[in-house]
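Q: Supplied in structure tokens, the structure appears directly below.
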Amino acid sequence: MNLSIRYISILVSVWVITACAVTKKPAAFSGPVVNRAALKSWLADKNATNETASLFYNLKASAKDRVLFGHMEDNKNGYDGWKDVPGRSDVYEATGAYPALYGFDFGGIGSFRPDSLLRKETKIAHDRVLEAYKRKGIITFSWHFGNPVSKGSFYWEKSPVNAVSEILPGGSYNTVFNTCLAKIARFASSVKSGGKLVPIIFRPFHEFDGDWFWWGKTHCTTNEYKALYRYTVTYLRDSLHVKNFLYAWSPDCRFNSRDEYLERYPGNNYVDVLGMDNYADVKIGKSPELAAAKLKIVSDMALDSNKVAAFTETGLENLPQADWYTQMLLKTLTDKPIQIAYVMLWSNKPKSTWTPYKGHPAEADFIKFKNNPYIIFGDKMGDVYQHPW
């Protein structure tokens, strides 16, 4: 073990010991004070903004005994068709509190389509990100990236054209890919509040162990996928100088061991948040232990490598089981001794809801879930962008 690894191991051990003594956290999550240089040395971007590094610190600290609740597109659209209405949130209307984490997507921003066709979506995302940030909410973006070679869908079945090798350096579409990344970088530099950049957890090329996206397991080699993820991080960080990103990596649930989980892992130098998307193991009739066992693999890996662990996507569509939140999701999060920073539920739209709305049969159970001391919504959030330097 070299000295730098030993140093990190000691700090993580102190962190765990300190956190175990904490039963309730104040508004800003508590943990040992780690100096700025040491903290940034753990990140994929060693030159990340102070606020971005502080977000990582607070996610790590809060995960010791709390899970932050997140919702995809929470303030962007809702169950009855509402769209882009300032202040609206199905979660807020059902529980009286906004989520702690807000999910967005770069699909309509980091695209090969002309800028003229992207302005509306970019403006909506910009405004809703700032709205969430002013509530001290955490921002995360996935990227349902349309196939840049075929100029078609991100779904393989709709556009079955190999793209990964073509968009990497040396490929015929590398310039197209770089242009799309530049649009993401431009957005990242545009979201500011009080003169400071808004930190964003960026989660590109997710669920890669499935076959439904063009970057999926059956459509590129292991080395090609790793190169794709590494190139994305390196180009944004080093060539486009994006300094307000934490980088998240999340397979679907098709693993049962650490080796399987890490099969396409790009490496610690490129990842800050280790995640898992899992819908299959939380369906009606499944045992909470199934998803919990996989979260334990993610959590243990994050502890060993000094990363943040997260349940990056999950949910039960339309919630036919009225007590799903307490009897499945809460039990999944508490079945094993794990440290998961946040869980994010999918987006609400007409005929496809993932969080209860006001009057939904699962509303009472959702409120019970929200009131559990282990779960943190926005009303219990402190300033996750501050750190006791």
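Note that the numbers count up from 1, one per residue, in the order the chain is shown.
Every residue, even glycine, has its Cβ placed from backbone N, Cα and C.
Pulled from TrEMBL, these are the listed features:
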- Glu207: active site, proton donor (ACT_SITE)
- Glu313: active site, nucleophile (ACT_SITE)
- His144, Trp212, Tyr279: substrate binding site (BINDING)
- 50-379: domain 'GH26' (DOMAIN)
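Each of the listed features needs to be described in terms of its position in the shown structure.
A: With a 10 A radius on its CB, Glu207 (active site, proton donor) counts 23 other CB atoms from all the protein chains.
Packing around Glu313 (active site, nucleophile) is summarised by its Cβ count: 25 other Cβ atoms lie within 10 angstroms of its Cβ, all protein chains included.
Listed in sequence order, the residues of the same chain lying 6 or more apart from Tyr279 (substrate binding site) and placing their CB within less than 8 Å of its CB are Cys253, Glu313, Thr314, Gly315, Leu316.
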Q: Kindly state the mean pLDDT of the domain 'GH26' (50-379) in the predicted structure.
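A: Summing pLDDT over the domain 'GH26' (50-379) and dividing by its length gives 99.
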Q: Considering each pair of residues in His144, Trp212, Tyr279, all listed as binding substrate, report the largest CA to CA distance in Å, no decimals.
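A: Max span of the substrate binding residues, Cα based, is 17 Å.
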Q: Inside 8 A of the center formed by the CB atoms of His144, Trp212, Tyr279, which other residues of the chain have their CB, for the recorded substrate site?
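A: Filtered neighbour residues, in order: His206, Glu207, Gly210, Phe213, Asp252, Asp277.
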